[in-house]
Amino acid sequence: MSERNSLSKNSSANEYGTILKECEETTYSNEFREISRNALPLVFTFVLQFSLSSMTVFVVGRIGALELGGVSLANVTFSATSAVFVGMATCLDTLCPQAFGGKQYKLVGLYFQRGVAISSIFAIPIAFLWWFSKPVLAAMVDDPKLIVIASRYLRVMVASIPGYIVFECGKKYLQAQNDFTTAQYILFVFAPLNMLFNYLLVFRLGLGYIGAPIATATTYSLMGLSLALHIFRKNRAPRTINCWNEVSNWREIFKNWNSMISLAVPGIIMIEAEFLAFELLTILSAKFGTETLAAQSVTASIQSLTFQVPFSVGVAASNRIAYHIGTGRIQNCEIATKTTLAYLGSIIGLGNFLFLVLGRHKISALFSNDPGVVSLASQLLPFIGINQLYDVFNVLAAGCLRAQGRQRIGGYLNIVAYYAFGLPLAMVMGFKWHMEVKGFWIGLGVGILILAISELYCLYRSNWDSIIRQSQKLHQHA
């Protein structure tokens, strides 16, 4: 039996056949409403998930400066390397909604299963790196005590990998079916529990700093298990649409990985290129003194929080546009894309700008009690606010490119924008022109502006006929 036929077993030809054209025309107001509604729970999801690693820094910071430094070093390493799993899951932003829009429901489940399998392969070198991290950490810092703390932390975090992978891929599987709230509800439960676990293990049970990664790894494992149980229960419930690919077809999971990997690798590059650029500037800001490093860390944290809003909208928009690509309606694809960029992008960009500029003093004071740190952070936030005016379009355009399956273009543009323009200019302005961290943010902002303009141009030149044909071809050979 061919792979295509095996997936279509016990289903109608209409359900799993060629991508259908029969779909109602949409409107700008409808797309605005749908994307906004789906993005709201995603904002809570990403902010709460962001808080999991932040909580370890907050709790361990109460023990001492040495422990805080070691855990912070481990967290940076964890975030940089675990972003591979997030990037891997971005290929599901393309594949799952397109398959769902084309009524090829069993492919949605198959893509999820393949995503978990491929991520598990990617996890092997990452787990190896975490377990034997001392040589890598020694190349970053000179203090052997910090290296010991960070390496022990990372060894414990190896246990978090299975839950992390299932949660990341499971979110995409559910989002393709227009379920944006389950992951949010799981985090509503486990984000507070993570706080409790950290407190109990670090202080009440007297484990010290090593209690923090145990708490976080436990939380990720429980989150992954909870999402897996929800998917299992959902698939067993009597429903009109069932997207699960039965385990009896397990051989299909290990076939045709090339198309997924070709989407996943550029997705990883897009995420890692931006993340590493910001982390590098934070590390280099230490050359300007402890106070400057603290202010840069504060502003980077604030930037990460405000980033969650456009990123959430970008994920919701990617899901929506990919769905329309699956239905084969060009006009709907164009309307959803224009709504995302012209309306949502303008509103979010202006909102973030006003929030950061008008609230710069109060926001900075929430992150530090040191007057010098608060003062410098307040001076930096307007630069971040200006960056947000166009970084929003970069984030949303990246989501639209993922929907089209054009991650490779986004990967190339990210590398060029950040490492050929943004970072070199930031170095020149920061060190040679003595603008310090202000120069860092201005230089990186220029790179982001170039990236946003380039991505918008690629979207403007989109050949929707070709994109839809490529989508149909991709799923026909899944």
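Note: Cβ is positioned from N, Cα and C throughout, glycine not excepted.
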From 73-96, 241-264, 313-336, the residue range that TrEMBL assigns the feature transmembrane segment: 73-96
Segment assigned the feature transmembrane segment in TrEMBL (from 270-291, 380-401): 380-401
Seg_contact(the transmembrane segment (380-401), the transmembrane segment (413-433)) with at least 3 CB pairs under 8 angstroms, min sep 6: no
Selected stretch (most C-beta pairs under 8 A with the transmembrane segment (39-61)) from 108-132, 182-201, 207-232, 341-360, 439-460: 182-201
Contact call for the transmembrane segment (182-201) and the transmembrane segment (108-132): at least 3 Cβ pairs under 8 Å, seq gap 6+: no
Within-chain partners of the transmembrane segment (439-460) [C-beta distance under 8 Å, separation at least 6 from its ends]: 277-278, 281, 284-285, 296, 299, 337, 341, 380, 383-384, 386-387, 390-391, 393-394, 397-398, 400-401, 406, 409-410, 413-414, 417-418, 421-431, 433
